[in-house]
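First up is the structure itself, then whatever we jot down about it.
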Amino acid sequence: MEEKAGEIHAPRGNKLNTKGWGQEAALRLLMNNLDPMVAKDPANLIVYGGKGKAARNWEAFDKIVEELKKLENDETLLIQSGKPVGVFKTTKDSPRVLIVNAQIVPHWATDDVFWDLEARGLTMFGQMTAGSWIYIGTQGVLQGTYETLSALARKEFKKDDLSGKWVLTSGLGEMGGAQPLAITMNNATGIIVEVDEEKIRRRLRDKYLDTWTDSLDEALRLKDEALKSGKPTSIGLLGNAATVYDELMKKNIVPDVVSDQTAAHDLNLGYIPEGYTVQSAAEFREKDKDGYVKKVYASIVKEAEAILWFMQHGSKAFDYGNNFRTRALEGGLKNAFDIPGYVPAYIRDLFAIGSGPFRWVALSGDPQDIYKIDDAIIKNFQDDPHLIRWIKLAKERVHFQGLPARICYASYGEREKIGLMINEMVRNGEVSAPVAIGRDHHDTGSVASPYRETEKMKDGSDAIADWPILNALLNAISGATWVSVHHGGGTGIGNAIHAGFVIVADGTKDAEERIKRVLNADPGIGVIRHADAGYESSIEIIKKGPKFRYPYL
């Protein structure tokens, strides 16, 4: 695909470029996904996660922008895998945009078929928040990583944080780049292996990473120094994960916690094989794709073997949902799934109570709007000290990329309260412009992904994909501003179906009513999904009489 010259930045301020704030939010967040401070490769429309794109091609992007500017307040724009294909008269409470990305009939949902169709310009990989226009940079995954490590500390070490511990992990891309800050926010020290020096420098620039080196011995010295001084430190190590993990194993050096957040789900672009630089890997891939993939598999297996050895010697390890174990299994490592998945190990209890990665974006572009919302949450949610601790840490330490945004894990009930609070702040002028409210697709009731979010469900319903479709339909009829249904995010083609939404808080009474409906329905179906699978905490919420009914209670 031909690259596009010039940078894209979302408009700021109160001036509309469209016919309503719903359309304006879609326009600004589409553009924000391609801001060079946000996107992985904006010239090629790639936002994050291997080849997760915001639009199919530049012609489609330009058409989407054109249609959003013309779209009436009672019309809906249809996006088919990153391409605008129709505008229909609907209602003012209908979504302004409906997005469906990367759907393939199951029998054909393989990497080979999908990427052939993609190369022919017939589909697009949207990851989770790339093609649904609600990616907010590395902060988007930061709290999930923070929450995972916090839950690990409580479960494995019986502590509130990881003070005195050190973490070995890899990957400093658009998702993995959250790891160093999440590690130090949990008061641990970390060595994060990354093969691409540019990604290391980007995390240093964004203040997610403290320091870096290209020497394993120096990284270990810095780690020991940090542990001795009691000062949590994140150390980027330029190198290949397979090589580094294997060397540590041979040195008999065992981390307290070990993981991986490379884009291993994408065998072509997401994992550089051992012995290659980013540039030499690209040249090899171009000349011999099959040979390249074999090398990738061999490196993933080598890294996974080291992780299993670390586990045998006391490390707490987890797969962070990037399909790393599956790739190791495909590469011939039969016991790859002895590495536990992070959701059943640490996050499932949060999903069961309707909690997940909730986020909001200041369409004004003014960071003060986010800080004012932070302060309001600290004031009004005193009964949730964990939430308040996160908001205070994020306010102090998170560097905004593109439009200012905030993410937090908020549960059923809390999301509606936060949404209504934000709408009221817009109404009374405390916040200078409308705010877009949404979430990751990685959430309580919006995803079927047997290798990640729905791994080891209590009733065996890991692969049941009705729930994300019900979630999307429910959010659409409840009044979300836009709704998306995607395939393959996080764990790759054939492995996940998931849905998302965005709703705009513009301060109006209409927005208030839509917020009430959507922010009750969206986490509510997550509670039902887990209650239906037999989770007691979900059943207890339903017994307390929420704003929905579950026929079996």
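Yeah, the Cβs are placed from backbone N, Cα and C, and that goes for glycine too.
Annotated features, as they stand in Swiss-Prot:
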ACT_SITE  CYS408  active site
BINDING   49-50, GLN127, GLU194, 240-241, 261-265, 271-272, TYR320, GLY490  NAD(+) binding site
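Sequence features, as recorded in Swiss-Prot, placed on the structure.
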residue : record              : Cβ neighbours (10 Å)
GLY49   : NAD(+) binding site : 30
GLN127  : NAD(+) binding site : 30
ASN240  : NAD(+) binding site : 23
GLN261  : NAD(+) binding site : 24
ALA263  : NAD(+) binding site : 27
HIS265  : NAD(+) binding site : 27
ILE272  : NAD(+) binding site : 25
CYS408  : active site         : 25
GLY490  : NAD(+) binding site : 27
Request  = Could you round the CA separation between GLN261 (NAD(+) binding site) and CYS408 (active site) to a whole angstrom and send it over?
outcome  = 20
Inquiry  = In the three-state scheme derived from DSSP, which category covers the residue listed as 'active site'?
reply    = strand
Request  = Round to the nearest Å and give the CA-to-CA distance linking GLY490 (NAD(+) binding site) with CYS408 (active site).
outcome  = 20
Remark   = Between the C-alpha atoms of HIS265 (NAD(+) binding site) and CYS408 (active site), the distance in angstrom, to the nearest integer, is 26
Ask   = Taking the Cα atoms as reference points, how far is CYS408 (active site) from GLN127 (NAD(+) binding site) in Å?
value = 20
